[in-house]
Amino acid sequence: MGFITKALPLALAAFSTVNGAKILEASPGADTIPDSYIVVMKAGVTSETFSAHTDWVGRTYQRRPMRRGANSQPMAGLQHSLSFGGNFMYAGQFDQAMIDDIAKNDDVDFIEPDYKVTLSSITEQKDVPSWGLSRLSTKEPGGTTYFYDESAGEGTTAYIVDTGIDVNNGDFGGRAKWGNNFVDHQDTDCNGHGTHVAGTVGGKNFGVAKKTNLIAVKVLDCNGSGSNSGVIKGMEWVMRDASGGGNSTSKASKSVMNMSLGGPRSEATNRAAKAISDAGIFLAVAAGNDNADSQHDSPASEPSVCTVAASAEDDTKASFSNWGQAVDVFAPGMHITSDKPGNGTAVLSGTSMASPHVCGIGAYLIGLGKKGGPGLCDTIKDMARPVIKNPGQGTTNKLIYNGSGK
């Protein structure tokens, strides 16, 4: 029923230490990737220190006898080095002895298991008119018209971290471009989720910000599967691209990012999300589809992002939507019509569909001259209306509104 990119259940509450950094442990039954870890360095570690550390990891791994993982294949060792505005981390495959040695390093903050990220089932319903655009631009439910300023997010850039985008879809009018791919060698959306999300953010027919530029950042494959470390790698690329390689903040302040994905709470993911917000990029994320407290999910639990729950047509919380104090705002998430690859349409439900409404409003407001970055979420909350019935324990009752006056 619900539709969101999500990881299978995983808890990182427990941890062990080896005379140094915390080694976070997955709960029993968690869908971790065997022998795969994300290592996060302490705040204040310099690029020189990080480089020396990863060089040490590489040399130490090479000196040891070849290790084979659970699938009998040789372990890869260090795979990705990641940098977020002075925050460093890396991912790789290591045996327990190597992880224990890494944890003893004074510059390491914590280590957590890498885990699988997948899509839940897709909900499709034919011939249902979309209602989300009308709802976010009118004060009462039941409308059929979308009211918006003709600026429509012009001059902004929306990064869609997902399954990719069908950039040739006619609804995007040439405004969709391919950014990067961190999961496979197919630079296309062979799943459909990312194209649907992009259509809600900035499609000509279904989009909130109809003139924003859309950038595809693929972190999930055709089956909707990927890894947490791959998602973080995609996040790093967005931050670098939006900040012009670190030399400019002007593009970042006019950039928005959508993550209709998530999983169990991950300190590495939350730290990466905070770095993106700190760089001046507005980040909208899905609250989750488990009808549970979103404080247990990432990146939804990161305070600096704009966490979005899903509402139904009658202004109630969608039955599947997560709730809790981490939720910033509600947006339409039931039976949302948008694009699919090949110029068709699909009707999907989930907080995956709610989040791009907020990402689109972010681009729309920046186009109107509002200040971008994480403070934009406060602007959106201030404009939202307290109309959601039964939002959930400790949860805001505010539904997004674009300020049309209608």
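Cβ atoms here come from the backbone N, Cα and C positions, even for glycine.
According to Swiss-Prot, the protein has these features:
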ACT_SITE  Asp162  active site, charge relay system
ACT_SITE  His193  active site, charge relay system
ACT_SITE  Ser352  active site, charge relay system
DOMAIN    36-119  domain 'Inhibitor I9'
DOMAIN    130-406  domain 'Peptidase S8'
CARBOHYD  Asn223  N-linked glycosylation site
CARBOHYD  Asn247  N-linked glycosylation site
CARBOHYD  Asn258  N-linked glycosylation site
CARBOHYD  Asn343  N-linked glycosylation site
CARBOHYD  Asn402  N-linked glycosylation site
SIGNAL    1-20  signal peptide
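Taking the features listed in Swiss-Prot, we show where each one sits on the structure.
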| residue | record | contacts (Cβ under 8 Å, 6+ apart) |
| --- | --- | --- |
| Asn258 | N-linked glycosylation site | Ala158, Tyr159, Ile160, Val161, Asp162, Val197, Val201, Leu283, Ala284, Val285, Ser355, Pro356, Cys359 |
| Asn343 | N-linked glycosylation site | Asn169, Gly170, Asp171 |
| Asn402 | N-linked glycosylation site | Leu136, Ser137, Phe147, Tyr148, Val208, Ile361, Tyr364, Leu365, Met383 |
I need the most crowded of these recorded positions: Asn223, Ser352. Count other C-beta atoms within 10 angstroms of each C-beta and give me the top one. Ser352
I'd like the Cβ neighbour count for His193 (active site, charge relay system), meaning other Cβ atoms within 10 Å of its Cβ, all protein chains included. 28
Hey, does DSSP put Asp162 (active site, charge relay system) in a helix, a strand, or just coil? strand
Report, in whole Å, the straight Cα-to-Cα distance of His193 (active site, charge relay system) from Ser352 (active site, charge relay system). 9
What is the pLDDT of the domain 'Peptidase S8' (130-406) when averaged and given as a whole number? 94
So if I draw a 10 Å sphere around the Cβ of Asp162 (active site, charge relay system), how many other Cβ atoms end up inside it? 30
His193 (active site, charge relay system) and Asn223 (N-linked glycosylation site), Cα-Cα, nearest whole angstrom: 10
Would you list the DSSP helix, strand and coil counts for the residues of the domain 'Inhibitor I9' (36-119)? 25 helix, 35 strand, 24 coil
